[in-house]
Amino acid sequence: MAEENPKKDLFNNADSDGRFNRKPSTFRSWVVPSSSLNSDSASNTNGTSPIQSFPAAKGRYVLYIHLVCPWAHRTLITHRLKGLQDVIRVIELDDMDREFGWCWNGKGKHGWTEDPIYGGTKYLRGLYDRAVQNSGERKFEGRVTVPVLWDLEEGTIVNNESGEIIRMLYSAFDEFLPEGQREVSKGGKGLLPDHLKERINSMNEWVYHEINNGVYKCGFAAAQEAYDENIYKLFDALDRVEAWLGQQGKGPYLFGEDITEADIRLFPTLIRFDVAYFTIFKCNLKMIRYEYPRIHQWLRNLYWDERGKTKGAFRETVAFDAYKYGYSQATKQKVVPAGPRPNILPL
Ligand SMILES: N[C@@H](CCC(=O)N[C@@H](CS)C(=O)NCC(=O)O)C(=O)O
């Protein structure tokens, strides 16, 4: 049975030295506002697929996600925060097969058992194959990851790098949104305002390496040295966020009064922390709820949002039970932990 004895086990996440190394994403094109479309293609720096510009359009693009994945989660939060529900359709994968990867297994709210757009395949891999077949290859040979921004018109993947997808969602589709929801109308209060861009970029850098990806370097470590090398860096970085929130003074968000990209990128990791990374990924020197009072407050402000700033974009995209199950599955543990309870404390 494939589940018992896969030819290639996708749940073996560490390299031969026991370390987890996240590979660069393969598809790196951009959707741009239709008015600024430039037909030139530049060659890609990582030598994979060429970088192209795709015109923004309503109903043309689809975002494929899985609720467990924190990288997909940031795209889902942004999609919801921006109010893009009628512009970009979201399709949820509901399971992971050890040999063939992300799939539809009838467990999602729609009960899909195959790709709801093209049919014929139950695996996201089918879409990756379709994307490369358009450029003459037979099969996609890299890692099949979520999120994916798919173009229905050209039948290809525009981009599968979450950090880039969220940046497209901030403003590329604004022409289809009411004036008040456009990034430009928000001035200095947008998701990535000019005056904060440099500081946000520099925070992204360490948060990505030490926290977003740091939890994976601990959780997928298959050698003691690999775990030891990363666990202290992770908690040093969390200490740094705790101190950061102290210096910010008024908060309640990482850069003050308004939600920015920095919050969107940190939230998916920290909402999973106590319920999955602490228990299943052995990121267990401290718990957010007991040992990081400022981070805990920041997290609950976003989740419970009593100020009406989030439009439910954070809380309604969270799936605690899926995290407990999904990370247990990804680390080949047969038993799913029950706690901690509650999944998140009230404000
Ligand atoms: N750089 C990518 C990483 C995405 C990623 O690694 N997603 C994971 C799920 S959390 C995945 O699809 N893993 C499947 C695999 O590597 O086989 C991004 O940020 O979009």
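Placed from the backbone N, Cα and C atoms, the Cβ positions cover glycine too.
Quick look at what TrEMBL lists:
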REGION    1-25  region 'Disordered'
COMPBIAS  1-20  compositional bias 'Basic and acidic residues'
ACT_SITE  Cys69  active site, nucleophile
BINDING   Trp102, Arg143, Val144, Thr145, Val146, Glu161, Ser162  glutathione binding site
DOMAIN    193-338  domain 'GST C-terminal'
ACT_SITE  Tyr216  active site, proton donor/acceptor
SITE      Tyr277  site 'Lowers pKa of active site Cys'
SITE      Tyr327  site 'Lowers pKa of active site Cys'
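Candidate recorded positions: Thr145, Val146, Glu161, Ser162, Tyr216, Tyr277. Those with a Cβ under 6 Å from ligand 1, in sequence order, are Thr145, Val146, Glu161, Ser162. The two recorded residues, the residue listed as 'active site, proton donor/acceptor' and Tyr277 (site 'Lowers pKa of active site Cys'), show a Cα separation of 9 Å. Across the domain 'GST C-terminal' (193-338), the prediction's mean pLDDT works out to 96. Taking the C-alpha positions, the distance from Val146 (glutathione binding site) to Tyr277 (site 'Lowers pKa of active site Cys') comes to 19 Å. Each of the recorded positions Cys69, Val144, Val146 was scored by how many other Cβ atoms lie within 10 Å of its Cβ, and the smallest score goes to Val144. Summarising the glutathione site geometry, the residues cited as binding it (Trp102, Arg143, Val144, Thr145, Val146, Glu161, Ser162) extend over a maximum Cα to Cα distance of 16 Å. Put simply, Tyr277 (site 'Lowers pKa of active site Cys') is 8 Å from Tyr327 (site 'Lowers pKa of active site Cys') when counted between their Cα atoms. Taking the Cα atom of each, Glu161 (glutathione binding site) and Tyr277 (site 'Lowers pKa of active site Cys') are about 22 angstrom apart. Between the CA atoms of Ser162 (glutathione binding site) and Tyr277 (site 'Lowers pKa of active site Cys') there is a gap of 20 Å, rounded to the nearest whole number.
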